[in-house]
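Taken from Swiss-Prot as is:
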- 10-30: transmembrane segment (TRANSMEM)
- 54-74: transmembrane segment (TRANSMEM)
- 99-119: transmembrane segment (TRANSMEM)
- 120-140: transmembrane segment (TRANSMEM)
- 149-169: transmembrane segment (TRANSMEM)
- 186-206: transmembrane segment (TRANSMEM)
- 223-243: transmembrane segment (TRANSMEM)
- 258-278: transmembrane segment (TRANSMEM)
- 300-320: transmembrane segment (TRANSMEM)
- 322-342: transmembrane segment (TRANSMEM)
- 343-363: transmembrane segment (TRANSMEM)
- 371-391: transmembrane segment (TRANSMEM)
Amino acid sequence: MLHPRARTMLLLSLPAVAIGIASSLILIVVMKIASVLQNLLWLRLPGTLGIAQDSPFWIIAILTLTGIAVGLVIRFSQGHAGPDPACEPLIGAPVPPSALPGLIVALILGLAGGVSLGPEHPIMTVNIALAVAIGARLLPRVNRMEWTILASAGTIGALFGTPVAAALIFSQTLNGSSEVPLWDRLFAPLMAAAAGALTTGLFFHPHFSLPIAHYGQMEMTDILSGAIVAAIAIAAGMVAVWCLPRLHAMMHQIKNPVLMLGVGGFILGILGVIAGPVSLFKGLDEMQQMVANQAFSTSDYFLLAVIKLAALVVAAASGFRGGRIFPAVFVGVALGLMLHEHVPAVPAAITVSCAILGIVLVVTRDGWLSLFMAAVVVPNTTLLPLLCIVMLPAWLLLAGKPMMMVNRPKQQPPHDNV
């Protein structure tokens, strides 16, 4: 016979697995539709019209039209496509299900149109809202927080293709003063994360790792170098943190969301013309292209890092629906490659991983997630001790500093005031 603790853990196992699978399937469907639309907008359509897909005219036109289209969705859809991601954490309160269709459409348009945001925040919002709404009907005795945790864990597993990230994140959020052991509380979320990761793996494998030269033995000087790189990345990220609320307030002086997002899309188009197509989209595939292109110089990497960070701030401030983690990873990779080109004596594995750690820490203020992203992009077990040590001064630098989030005015409703 099972111990009562084991029976308690098994109680939510089936719902956890179902939520993990559903979270992954929603992500897969959204990404597939966005991929088809992206192929149409950036390959087939310009080819049919005889226009180069990387021409300045096409980049500006598509991003401007994308902004207008997203603005129309936010203006006229029920629930106004959910909350403004610039004002929300990654894992937030559930939104009304009526806002989800508009949110999904706005996300797909942004992903396909080349906006420099990832899918993580809207997908998380959709999955949490559905899990809470359906779970409350089927098992009303389970509280909303449990459904929120299961949905967020399943989504994290699906996004990163592994339950490890969920285990790291929830090991700190669920580690309260309760007498219930931590792993008892982690059991159901890890089931959801594992189900989400395995389901994603059946259809595609998220490819984060980069072909960067292997890092050998750690030396004391490497710790200092890594800490300096992380500090540089944090400094760059804090510039974006300073700019985001100010640009957000400036953009939201335009009361019409169609015009506001149209202007935002136009600015993104200008930035895309300056840095080229590799600076567009969420950044994961593009960072692979960036590493593979041996022709990039130090100034090219610097330009890509600056433009991508600026595009991230503009997209978030304009009200596009998307997450900030994936483009931040791109910024970290570009910054790390730039620093390696500038100081070749410091291995690229150190500069890239520590730059990712620093910039993701600024964006998420989550040490475990920052370590995870640095470790999966530059998969080298020798780097893990160095990253853990570099995390300490990086965390000190950010202690008490503002987050990359806009404080919503008290009089503003939960959704965009349109």
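Going from the start of the chain as shown, residues are counted 1 onward.
Cβ coordinates are placed from backbone N, Cα and C, and glycine is handled just like the others.
Note that the coordinates shown come from a computational prediction; the quantities given were computed from them, not determined experimentally.
Recorded stretches compared: 99-119, 149-169, 258-278, 371-391; the one with the most Cβ pairs under 8 Å to the transmembrane segment (300-320) is 258-278. Same-chain residues lying 6+ beyond the ends of the transmembrane segment (10-30) with a Cβ under 8 Å from its Cβ atoms: 2, 104, 107-108, 111, 119, 123, 126-127, 130-131, 135, 138-139, 142, 146-147, 150-151, 153-155, 157-159, 187-189, 191-197, 199-200, 203-204. Among the listed stretches 99-119, 186-206, 371-391, the one sharing the most Cβ pairs under 8 Å with the transmembrane segment (149-169) is 186-206. Highlighted: of the candidate stretches 54-74, 99-119, 120-140, 186-206, 322-342, 322-342 has the greatest count of Cβ pairs under 8 Å to the transmembrane segment (223-243). By the Cβ criterion (distance under 8 Å, sequence gap of 6 or more), the transmembrane segment (99-119) is counted as touching the transmembrane segment (322-342), at least 3 such pairs being found. Listed by sequence, the residues of this chain that lie at least six past the ends of the transmembrane segment (322-342) yet keep a Cβ under 8 A from its Cβ atoms are 85, 90, 107, 110-111, 115-122, 124, 208, 210, 229, 232-233, 236-237, 282-284, 286-287, 290-291, 296-298, 301-302, 304-305, 308-309, 311-312, 315-316, 348, 351-360, 362-364, 369, 373-374, 377, 404. Within the chain carrying the transmembrane segment (371-391), a Cβ under 8 angstroms from the stretch's Cβ atoms is held by residues 160, 162, 164-165, 168, 208-210, 212, 214-218, 222-223, 226-227, 230, 287, 325, 329, 332-333, 349-350, 352-354, 356-357, 360-361, all 6 or more beyond its ends.
Proximity of the transmembrane segment (54-74) to the transmembrane segment (186-206) is not established, fewer than 3 Cβ-Cβ distances being under 8 Å for residue pairs spaced 6 or more apart.
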